[in-house]
Structures are given as structure tokens and as C-alpha cells.
Amino acid sequence: MSTLLPILGDLLKEEYNLQKSTRGEIKFLKAELESREAALIKISEAPLDQSPDIQVKLWARDVRDLSYEIEDGIDRFRVHLECRQQKKPHNFMGFIHRSMDMLTKGKIRHNIGIDIKDIKSRIKEVSERRERYKVDSVVPKPTSTSTDTLRQLALFKKVTELIGTEGRSLDIVRMLMEGDEMIKKQLKLVSIVGFGGLGKTTIANVVYEKLRGDFDCRAFASVSLNPDMKKLFTSLLHQLGKGKYNNIMDESAWSETQLISEIREFLRNKRYFIVIDDVWDKSAWRSIRCALTENGCGSRVIITTRILDVGKEVSDVYQLKPLSASDSRILFYQRIFGTGDKCPPVQLAEISESILRKCGGVPLAIITMASVLASKKEHQNTYTYWSKVYQYMGSGLENNPDLMDMRRILYISYYDLSPKLKACLLYLSLYPENYDIKTKELIWKWIGEGFVREEQGKSLYEVGEDYIAELINKSLVQPKYIDIANKPSSVHVHDMVLDLITSLSNEESFLATLGGHQTRSLPSKVRRLSLQTSNEEDVKQMPTMSSLIHVRSLTVFSKDLSLFSALSGFLVLRALDLSNCRGVGNHDMMEVCNLFHLRYLSLEGTSITEIPKEIGNLQLLQVLDIRSIRMEKLPSTFVQLR
């Protein structure tokens, strides 16, 4: 939706010379869609412990589909007009051609007017359905398990059950306690940073239990994504002051400023130890920091956060890493067999290793999968069951409460993103597992899709770099390689995050995969397609799939397939990535040159040696990647590209 509104604004410019009535219809569409965008944002920002009603989801899907169709229609209009902007000779035949063009353009403008009237009637129908089903007044049902409950579970695990915590907790203890006498008397703050499920709360609690006896007073409090700061400060007072503040049962009786002042006064001459768990933004931390007195008594504070910038603002950062392969194995076996020393039956050893690789050292994922599998450890069909669980990890077991709890924790990070960053993150689900995603190509694809919004004083590419940095900052992607400018040249998505965004992409019909580890039948409308199949028959059938006429982005990971017969089915394709597809050659280029909507085209590493003059047809093309192909010259029509 956010990409469509600026396009409608551009369409109103004089250069398109639309009829007055059509311009009025476009203004109506723009106003209606602005209202729909606000409603979609409101739906996406529903409280985390509530799930949108099915009618709300259906209405949101229809609005998104309609916005895509409007954008595709406008693209067709612009392509038809701009393909006729090429200069004609100034002779009699040139006069004839220009006259015919005027008639053709008039017909095109008339047709866009008809299309817009049709769309207007459909928007009215969607709006009536919004009123009929009372979309705005539907109260979502609360989910069965709150994220706060899940967080509390981490605080009450036996330390003996927490594999891999000892070394990491000792690292943090050293950061807190080591130093000369002067440093030991100062207030020391440490942040533990990492994405959801790595065990930040658990590690912080282990350190808290180790050190709490060395301090005059102590407290452990959670902030969460939408913090109630008065409730937080009241909790701190209760824990720090023990019975002294029992009379503050109603935190509304005190203002936030009064609570901060009272905490500061209470801590004035005391050596305190405070853990603040799950801090999401700098403003919340700055409020908390106001309550922390620097009194020269050697107090210590730990915060946990998923946001790297928040951790840096605190002071020293401890970036939590996944468990080692050996610790992952011990934790997995202990949860299933009762002891980390016990090896699984021989037939389960190999599938166990596959499951652990998928979990990627994330304790939450390992514990969750162990809980799912433990019930079948003595069953005669154990191997079959475990294999099925591995095959469908992340997408086929949504009804399992343990897996839903794990997904809910990861979903919080997704929920915290702006709408534009949500689209950018979901786009990463087109890549296979363990894939090194080149940031340069990714940013240009985002631009081609219209995800990157203009910002004053920055190019679109620079804004895209900011988006990458923000996803890294929120621990949703990890930098894989860093270039000489200290920027990530490639990034990696953890399997658990990939499973989440793949599920969300399927749910919202945002992206589909053909082939790969999560192969499913394609939905009725596919907007973005990741082609990971090695089956030639799948490709041959693609032109007959009606769902593909809506595809805007196609990325091909199957290197030896021939796509000649398939490309004709993609009528509104905007981004086409054929990188390193050796089966793509010169015979495919005429089909490519008929994809008039293309903004991004990568032919890197293909077998192409010649680009035809028809490349000039691609008037909307923004990026053409022809690295690593054996081509001696470009056609003269290349200069027609922007």
C-alpha cells in the first residue's frame, strides 16, 4: 500500500494529460486508499496478546490484493505511454506515426479511466464489507499464553538444567566485578544483547543468583515492548525496600517522577544490584537510568535487550552467542533422555544432528524441539515421527503449543518493526536456509519492489543501507561478512527467524516457494516466487499456472534449469534474479525483453553472450546486473534505459 500512494500522486501530474473526470477518480482512489492504509497499520499494531479476527484478516487481504492490482494497472498504463515516447522522424511518415500515436494515447487514457471506475466500484464493495462485518469494532481474542508468562518460566529453571550457562555467566560476572579499587566503587552497567530465544533472561538470572548476596538490596524487573513505567518503578521499590513500601499498592497514587525520586533517595547510601530485563528502546532505558543513583558504593546493573543500539547506550555490551555444537547436543539429550551423557539410539543419531543444526544453537529452539520429541522416544515409529518433525520444522506443527510459544517470542521482534521494515524482512523468506545474502543485490531488489521510501538528503540505496542496519540492530539478521567500509557485504538469517517469516509470508500471500525444504502447493495468487526446484516438469507447467500472472518478483536458485518456456507467464514481473543460472542463455532474452514492468534484472553468471536491441523496451528498468557474463558489446538501444 505504501508504494501505491506515491504512484497515484505521480499519475495526477500534468505530463499524463488525463481527462478531468479521470483525475477526479484518481483523487478519490488516493483518499480511499490512504484511509485503508491507516486501517491496515492499525491492524498490524494490535496488541501482541491478541489475534486479529478472521474477518479482519480477510478484509486486510482483499485490500492488499486490490492495491496490487491498481499498481499493476497503472504500470501497464505508464509502460504503454512511455514506449510511445521514442522520437519519430520529421518527415511525412513521421507525421503519420505521431498522429497515430496521439489517437493511441487517447485510447490508452480512456482505458485507464474505465479501469479506474471499475476499481472504484470494487473499493466501495470492500468498504461496505468493512462496515457489514464491523471490522473496526471486532475485539480480538486473547492468546492462551502471554509473553510475560513465557519470560517468567526462564527465571525458575534449575541451574543444573541450564547447559552452557556457566561459562557465559562467569564472563558477565567478570565484566561486572573486575577492576581496581576505584573502579569497584563506581556504578557498573552491563548489557546482554541477542535475539529472542538465545537465553538472555536465563543468563541474567544465573548472574543475579550468583551475586545477589553481595549487595544491600536487589531487584529483578522486566520492561517488555510496551512498558508501563509506573508499574516498573513500583515493582523496583517493592523489591528493593522489602516491606518498607507495602503501602504503595496502587501505583496510580504516585507519579512517575515521584517514584523515580523515591528510588533515588532509597538507594542513596546503599550498594544495590538491579537486573532490568527486555528493554526495547532508548527512551525507556533513559527513564530507568534516572532512578539509578551513582553513590560510590559499587552498585551493579544488568539489562537485557534485543536491540544493539540500546545495549550500547547502557555501557559495556556482552553479545550473547548461540550454544556450541557440544552444549547443544548435551541440552537436547538431557531434555529427552534425562541425561546429557546418554546417546540416542543409533537410528536416531543422524536425525538428531539434523534437528540440532536446524536449531542453530538457540536454547529455546533446542528445548522446544526436545519437548516435542520426548513423548515419542520409546515409540516403535520414533524414527518416522522424528523425521517428519524435522521435515516440517517451523511450518507444519503450528498446533503444537510448545512451538507456538517459541514462535510468539520471535514474533515480538517482528511486531516491533515499522510497516516498511516488515515488508523488507518478509522478503528475506525467498532465500534458502543458510544462504549468504548479498546486501547490495538485496537493497536493489527492495528498491525495485518499491519497499524503500525516499528520505531527504539520501539516495534510495543509502536508505536501503539504513534498513539493513536496522534489521541487524534488532537482531533479526546477522552480518556475515564486513567490507572495508565497515558495512555488511552479506547477511544471514537464522533458521528460526526464517521459519517465522516464511510462515508469515504464506499467511499474508506475500511470497511463495516452489521447491526447497518448505514446498507447498502454490496459493491462488502469488506475488513473489522463490524458485528452488530442480524439476524440469515444474518449470514447464509454470505458464499454465493462473496464480503466476500476479508474480512481481522471481528469484531462481535452480542453476541448470531452462526458463524459456516459463517467462511468458509472468506478466507484471518487477524483479527478476537469474544470477548464476547456467541454463539461461541468449534464447531466453527475447522473453526477458517483453517483461515491460521490470525494475531489477540480474543476469550475473548466466550463459548469455548477447543482449538484443529490444532491451530498450524495459523503460522502467533501474538495475541491470551483467557481471561475469561473456559479452563484448551492448546494443545501441541501451541508451534508452534510465
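Glycine is treated like the rest: Cβ placed from N, Cα and C.
Summarising the annotation, TrEMBL assigns domain 'Disease resistance N-terminal' to 1-90. Residues or ranges marked as domain 'NB-ARC' in TrEMBL: 184-332. According to TrEMBL, the feature domain 'Disease resistance protein winged helix' maps to 430-501. According to TrEMBL, the domain 'Disease resistance R13L4/SHOC-2-like LRR' annotation covers 550-642.
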Averaged over the domain 'NB-ARC' (184-332), what pLDDT does the predicted model reach? 89
What are the DSSP helix, strand and coil residue counts for the domain 'Disease resistance protein winged helix' (430-501)? 33 helix, 12 strand, 27 coil
Number of helical, extended and coil residues in the domain 'Disease resistance R13L4/SHOC-2-like LRR' (550-642), per DSSP: 21 helix, 13 strand, 59 coil
